[in-house]
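> The structure's right below; bear with me while I get my questions together.
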Ligand code: ATP
Ligand code: MG
C-alpha cells in the first residue's frame, strides 16, 4: 500500500496500475518501459498540465467535434490508466472506441475490450476478425485495424502511440491527435495535434473541453485555424529548459 501522503502518490499509484495490467496479461512488457519513459518526462515538465498542453487540448476538442468519423485508439497502458475517461470522452464527442495493439493477441484484445465495457463502453471495435483492414506501410500487427474504425476515420486520437504508426496514419491523410509526455518523440512530431501531458491529466480535461465547445460550436473553425503544433512543441521544450534553469539556479 502506498500512503496517500507520499509526495509522489499519484505517480506511484499509476505505476501500480500498469504493473497490475501486466500481471493480468493485457499490458505488454514494453508498456512498462513506455510508462517509465513517460514518468521521466513528467518530472521534467513538472507533473502538471502546462499552458501548451491546454492549448493542444482545446485544439483536440475542436478537431474531434469537427470530425465526420472520429475514433479513439486504446492500447493496454491506456486501458490500465484511464478506461473511464476514454468512455466518457467517446460519449461526449461522440466517437468510436477501437482496441489497437502493437503486440496483438486475441486474449489481450478481449481483456481490454472487457475493461472498456465494464466502464460503460457500448461497442468496442478492433477485436479479432473486426480488425481486418490494413494500414499501408506498417509491418507490425498494429497495421491491422477495424474497417469501421481507424481505417475509415478522419480523426484518430492515439494516446501513447508509436512513431511509425503515427506517420502511417498521417500518410493516409488522417488528422492524428497524440497524447505524449515526450515532446521529442517521433509521435509528438508527426501528429497533427500533440498534447504534451500525462494521459491521466489530459483526458479529463479533454472531456471538459469537448463539453464546453459543444455549447459554442462556432468557435471550432477558429481554434483549428489558429493552432500551430510546432509552436506548441517548441513551447514545451522551452518550458523544460526554463524550468530546469530555475531549479538549478535555486541550488546554487
Ligand atoms: P516514438 O516511437 O514516438 O519515437 P518512443 O519509441 O520513444 O516514441 P514508445 O515506447 O513508442 O516511445 O511510446 C511511449 C511514449 O508514450 C513515450 O514517448 C512516453 O513518453 C509516452 N508515455 C508513456 N506513458 C505516458 C502517460 N501516462 N501519459 C502520456 N504519455 C506517456
Ligand atoms: Mg516507438
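Each Cβ is built from the backbone N, Cα and C atoms, and glycine gets one as well.
What TrEMBL shows for this protein is this:
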type	residues	note
BINDING	15, 37, 180, 181, 182, 186, 187, 198, 199	ATP binding site
COILED	196-230	coiled coil
> Quick test of the contact rule: Cβ under 8 Å, at least six residues beyond the ends. What residues does that give for the coiled coil (196-230)?
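Distal contacts: 10, 14, 38, 41-42, 45, 47-50, 52-66, 77-78, 81-82, 85-86, 88-89, 92-93, 159-160, 179-183, 188, 236.
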> Over the coiled coil (196-230), work out the mean pLDDT and round it to an integer.
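Mean per-residue confidence for the coiled coil (196-230): 98 out of 100.
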> For ligand 2, list the binding-site residues among 15, 180, 182, 187, 199 whose CB atom is within a distance below 6 Å of it, in sequence order.
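Once distances to ligand 2 are taken from each Cβ, none falls under 6 Å.
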> Within 10 angstroms of the C-beta of residue 180 (ATP binding site), what count of other C-beta atoms is obtained when all protein chains are considered?
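A 10 Å sphere around the Cβ of residue 180 (ATP binding site) contains 29 other Cβ atoms.
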> When you measure from the Cβ of residue 187 (ATP binding site), how many other Cβ atoms are you left with inside 10 Å?
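A count of 22.
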> Around the C-beta of residue 15 (ATP binding site), how many further C-beta atoms are within 10 angstroms, looking at every protein chain?
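Looking across every protein chain shown, the total is 17.
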> Restricting to the same chain and to sequence separations of six or more, state which residues have a Cβ under 8 Å from that of residue 182 (ATP binding site).
37, 38, 41, 188, 196
